[in-house]
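Chemist: Pulled from TrEMBL, these are the listed features:
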| type | residues | note |
| --- | --- | --- |
| REGION | 226-251 | region 'Disordered' |
| TRANSMEM | 17-37 | transmembrane segment |
| TRANSMEM | 58-80 | transmembrane segment |
| TRANSMEM | 100-122 | transmembrane segment |
| TRANSMEM | 158-186 | transmembrane segment |
Amino acid sequence: MSDIAQWFKGLPTFTRYWLGLTLGFSILGRFGLLKAHQLILLYEPFIKYFQIWRAGTALFYYPLSPATGFHFMINCYFLYNYSLKLETGVFDGRPADYCFMLLYNWICCVIVGLIVEIPFLMDPMVLSVLYVWCQLNRNVIVNFWFGTQFKAMYLPWVLFAFNLIISGGGILELVGILIGHLYFFLTFQLPQEMGGPTFLSTPQILYKYFPNQRNAVHGFGAPPTNRRAAEGAPAAGGRHSWGRGHVLGNN
């Protein structure tokens, strides 16, 4: 147990709290210590009765049962793996920027969840974070089940198709993909690759609570002159790196 506690404490801040709260709320709900109907995101209680805590508990709570246990474990793996890679990769030393990404994706999940009646936000939130990593490392070869290999940019769509075929779902994955793409486009692709305006920027108040570390700078650097520069290759005017390459399953 001490090894597990030491491993958990060694996780970066946001990944540690996100994973810990997800496990805590889900396990407490499984044993009936928390009531599921008070935790899920429902339009009328949230809007009419101002039960705003549901926006947070719907992210951390997942209904555990013999039928959902395996899916929950897969989600926890993706949460841990890709949140860790982002927080220690492209967002390394910039906790405020990573916090803003999580907040932005979460708020989008809540808005869409209220509109299309999604009571649990774990799936779309995890997929949105996974999508951002896959776009930042789009040409990295990842391993999937049964020994299949493909570029990281296809992984979110493979998960979408897999869940669509196996369980008849897919809508939650699709919502996560769309939210992740919106963040990636507005934060990275539009200003850096296309030279467009920056519509999303981290609020200064977050830098007050989560200051940059190791002399990191606010924001995401100057717009590259072309896509080759955006992917980290040398180009006229400098060099920019969007992230580190990792293979699915490697920690």
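These residue numbers are counts, starting from 1, taken along the chain as shown.
Backbone N, Cα and C define each Cβ position, glycine as well.
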Chemist: By Cβ distance under 8 Å, which residues at least 6 away from the ends of the transmembrane segment (58-80) in the same chain are close to it?
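Modeler: Here the qualifying positions are 11, 15, 18-19, 21-27, 29-30, 34, 36, 39-41, 106, 109-110, 113, 119-123, 125-127, 129-130, 167.
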Chemist: How about long-range neighbours of the transmembrane segment (100-122): same chain, 6 or more residues beyond its ends, C-beta under 8 Å?
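Modeler: Apart from its flanks, the transmembrane segment (100-122) reaches 14, 18, 22, 40-43, 46-47, 55, 58-63, 72, 75, 79, 86, 91, 128-129, 132, 171-172, 175-176, 179-180, 182-183, 187, 200, 202-203, 206.
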